[in-house]
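See below for the structure under consideration.
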Amino acid sequence: MGEHAGIRVVHRSGSKLNFRPPVITNDSKFLLCASGECVKVFSTSTEECIHNLRGHTDLVTGVHLNPCNHLQAYSCSTDGTLRLWDFMDGILIKRMCNGSVCVCTEVFQLLALHLPQSGDQTVEASQLSVVLEDVSSNPAAVSLGRGGEYIASIKCLQLEVFFFKKQKSYRLFLKVDNKKGAKNTFTCVTCHPKDDCIATGHEDGKIRLWRNFNHKKEYTYTTLHWHHSAVASLCFTPEGTNLLSGGVESVLVQWKYRENQRDFLPRLGASITHVAVSPDGALFCCSHSDNKITIIQNCVNVSAVIQGLVRGESARTDLMVDPRTKCLVLNGNPGHLQFYSLQRDKLLYNLDIVQQEFIHELGLQQFEVVNAAFDGPGNWLATVEERRRKAAELELNLKLWAFDEQTQSFVLNTTIVAPHDSQVTDLCFCRASDSQTTLLVSASKDGHFKAWQLAAQTEGPSWSCDFVGAYRGLVPECCCFSADGSLLAVSFQEVVTVWSPGSWELLTTLSQPPKSIRNLCFGRLSCSKYLVGTAGHNLLCCWNLLTCSLEWSTSMEVTLLLADPHSDNMAAFCSRGINMSLTHQIRFSLLSSVFVFKPSEPRPLFSHKAVCSGKVSRAVFAPREEMLESCEESSQWLNRSQLCFLTQNMDLMTFTTETEEEKLMASSKQLVIDDSVAMTPFYLLLGKHRCQTLEMRDKESSWGSAERTPLPKGSVAVKELLQTPAHVLPPTSVLCAMFVESLLVSVTDSRSPEEEEMEGENEEDSEENVALRAEPAPLGREMVDSAPLTKAQTRELRRLVKLDHGWFSDLLDS
């Protein structure tokens with residue numbers, strides 16, 4: 001079955017915040033950063049995400065403020081488009097201004113792109129010119145000079161400066177190393193905003209300040225050195241009085257320009273990848289390797305921390321979902337598990353598992369969390385931590401954590417030191433039919449699997465070993481329980497053993513075909529009689545547990561197999577190698593694909609080739625808060641759950657449907673509607689209540705609505721006050737008098753000139769008209785039969801009132 005065009009692989013919740021340098025707005029109130037396929041707008045004071053600027057269909061690669069309007073920002077993406085946003089209101093600008101921007105293409109050329117004036121949201125670039133050839137793919141390797149007169153580019157051991165007016169470039173070179181063996185490779189560059197000075201960072205931790213670079217033989221540079229490793233980022237303050245630098249030391253260094261002084265802000269928590277400064281110089285900003293952004297005020301105080309999904313070098317535990325909070329759970333900071341909300345796209349909290357201080361020292365072996373598992377209701381969490389010593393001695397701890405209702409977190413209940421003699425290969429919980437029986441199984445390379453039983457004691461519940469199982473001296477690789485907890489499957493190399501947890505009797509063995517079993521998953525719901533596993537590196541097998549025979553098998557290089565707990569679907573990630581031709585070189589690369597299927601049918605429900613590069617070894621089905629109710633059969637497997645997976649580069653990816661995309665786009669464009677309706681934030685706050693009020697009025701009877709006095713029309717001053725964006729309103733003192741006057745009731749007659757002409761100008765007629773308007777309806781007629789008079793009828797009635805009726809009194813006297 002081929003790929004389905006209605007489903008895409010996207011970056012969603014948990015995307016990187018440190019992919020590109022963040023941007024601070026002119027008033028230092030907001031921070032913009034590229035995150036997956038959108039641009040996130042954060043408040044620098046509350047750390048909350050104000051807007052998600054959605055519109056790009058691929059990874060956003062850069063964000064820059066519009067130099068002509070400080071309330072707008074440009075964004076560029078690998079989808080080949082640039083977009084201009086009003087980040088205050090969170091909407092896409094329909095009319096793009098003239099300007100020139102620089103972008104890097106896939107062939108690493110620096111291009112000047114002219115944006116013509118147009119009303120379209122996406123403008124096709126017709127004027128392109130090459131500025132520099134053969135530039136680095138790192139954005140930190142390019143910087144604009146003073147007043148935009150020149151641009152500096154670094155690559156390997158070369159510094160190139162291109163002057164726009166002269167259309168001439170100068171190249172400066174360094175040797176591979178100096179006499180002391182230091183490495184001179186360039187790592188980052190930035191230009192002074194006021195002087196002709198270029199600062200470059202190097203792999204050996206040195207910083208060079210270049211001057212007179214428009215002369216090949218007369219250039220000079222001075223050297224600054226504090227970092228012991230490569231300089232990751234450099235940035236001048238707006239006035240150029242200070243130079244900021246950061247690296248793996250987690251220390252922000254502030255160098256005084258033209259002075260031999262420096263200040264430090266240490267212990268920022270993780271390696272610094274980017275440094276940025278607000279246009280007014282009030283705030284500093286650092287991006288860190290753990291997907292964190294630190295906002296620094298007054299050069300010394302950390303005022304806010306924006307934490308995304310914590311990213312380490314690798315994920316040792318599986319991707320899990322907390323049954324209680326529906327959070328994504330995996331390795332976070334060293335020795336911790338992080339609980340990340342995919343719905344809110346926010347880190348909720350970190351759970352300290354190791355409970356020891358982490359020491360940042362290269363080569364030091366420390367405890368790591370390598371396995372974790374939740375029970376069904378989320379009452380218990382099991383973790384395994386290990387540490388290897390230099391003498392190949394392995395230390396293991398199995399910890400059981402109970403959920404505390406008061407603290408709404410997990411509390412350590414039982415610690416089992418050395419639960420196995422060798423490394424733990426798998427860990428899984430079973431929730432049996434008896435609600436008071438909880439069972440945990442751990443498999444190890446020591447050739448045994450152990451069952452740990454929860455028992456109630458006088459001092460409280462605790463865990464102890466209930467059974468130790470083995471099979472012919474083979475090593476158990478993986479284990480899993482059936483959905484009802486009646487069966488336990490444990491793979492011993494090429495043999496699958498099926499056990500009864502009630503009596504610990506070996507029920508049967510499955511050994512076809514003779515290859516090492518690496519993954520096992522029981523079917524669910526209508527497919528509960530099937531057991532699916534991967535044999536070797538190129539075989540996917542399905543066994544029928546009723547007949548204890550192989551139901552079907554297919555040749556497939558499966559790297560990961562997982563089951564959806566909310567349906568009877570399964571997903572298999574596969575990898576295949578291809579040869580790629582790039583710049584006359586043949587490069588071997590791995591691409592991963594995904595297949596979604598039901599165990600009862602080998603034909604896949606969905607397939608997607610080349611979802612990412614490299615192998616996928618971590619994935620999970622995360623439940624949705626609301627069902628999508630997709631009509632297309634090919635995407636119904638995503639209605640209840642969303643499939644999330646980690647790439648080799650630790651990018652969290654997921655699958656999305658057209659229905660979900662349209663829903664997200666509609667929510668982000670809710671301010672862009674008909675001009676006759678003022679969709680202000682105040683309206684969004686009270687709009688639902690207003691709609692409900694109108695519906696109640698429509699349901700009322702007509703007599704009730706007829707006797708109700710119509711509400712006064714809204715004041716023009718009040719409408720302008722509510723429709724005008726808050727950031728452009730004048731001070732409150734100016735608005736106060738206008739607002740109070742708008743609330744006063746006018747005593748002037750608001751009748752039309754035609755009505756005034758028909759009425760006349762004498763006071764008696766006015767009194768008669770008032771009396772006529774105030775005359776009650778006849779008592780013998782119901783209000784439901786009365787209808788409002790038209791203008792013509794009203795004029796005729798007033799004309800009759802003005803006539804002389806004296807002749808009628810004479811008739812009465814006679």
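The backbone N, Cα and C atoms fix where each Cβ goes, glycine too.
Note: TrEMBL annotation is automatic and uncurated.
Small disclaimer: the values here were computed from a predicted structure and weren't measured.
Residues annotated as domain 'C2H2-type' in TrEMBL: 33-56. Only residues 6 or more beyond the boundaries of the domain 'C2H2-type' (33-56), in the same chain, are considered here, and those with a CB under 8 A from a CB of the stretch are 10-12, 15-17, 19-20, 22-24, 62-63, 73, 75, 77, 79, 81, 83, 85, 87, 89-90, 92, 121, 283, 287, 293, 295, 303-306, 308, 345-346, 664-665, 668.
Residues or ranges marked as repeat 'WD' in TrEMBL: 53-95 (among others).
The repeat 'WD' annotation in TrEMBL covers 179-210 (among others). Within the chain carrying the repeat 'WD' (179-210), a Cβ under 8 angstroms from the stretch's Cβ atoms is held by residues 138, 140-146, 150, 152-159, 161, 172, 219-236, 238-240, 243, 245, 247, 255, 257, all 6 or more beyond its ends.
Beyond the repeat 'WD' (224-265), the same-chain residues lying 6 or more positions past its ends with a Cβ under 8 Å from any Cβ of the stretch are 21, 140, 187-195, 199-209, 271-277, 279-281, 284, 286, 288, 296, 299-300, 302, 360. As annotated by TrEMBL, repeat 'WD' applies to 224-265 (among others).
The feature region 'Disordered' is assigned by TrEMBL to 748-790.
Residues or ranges marked as compositional bias 'Acidic residues' by TrEMBL: 754-768.
Taken together, the residues in the domain 'C2H2-type' (33-56) have a mean pLDDT of 92 on the 0 to 100 scale. In the repeat 'WD' (53-95), the DSSP tally of helix, strand and coil residues is 0 helix, 21 strand, 22 coil. DSSP states for the repeat 'WD' (179-210), grouped as helix (H, G, I), strand (E, B) and coil, give 0 helix, 17 strand, 15 coil. The residues of the repeat 'WD' (224-265), classed with DSSP into helix (H, G, I), strand (E, B) and coil, number 0 helix, 23 strand, 19 coil.
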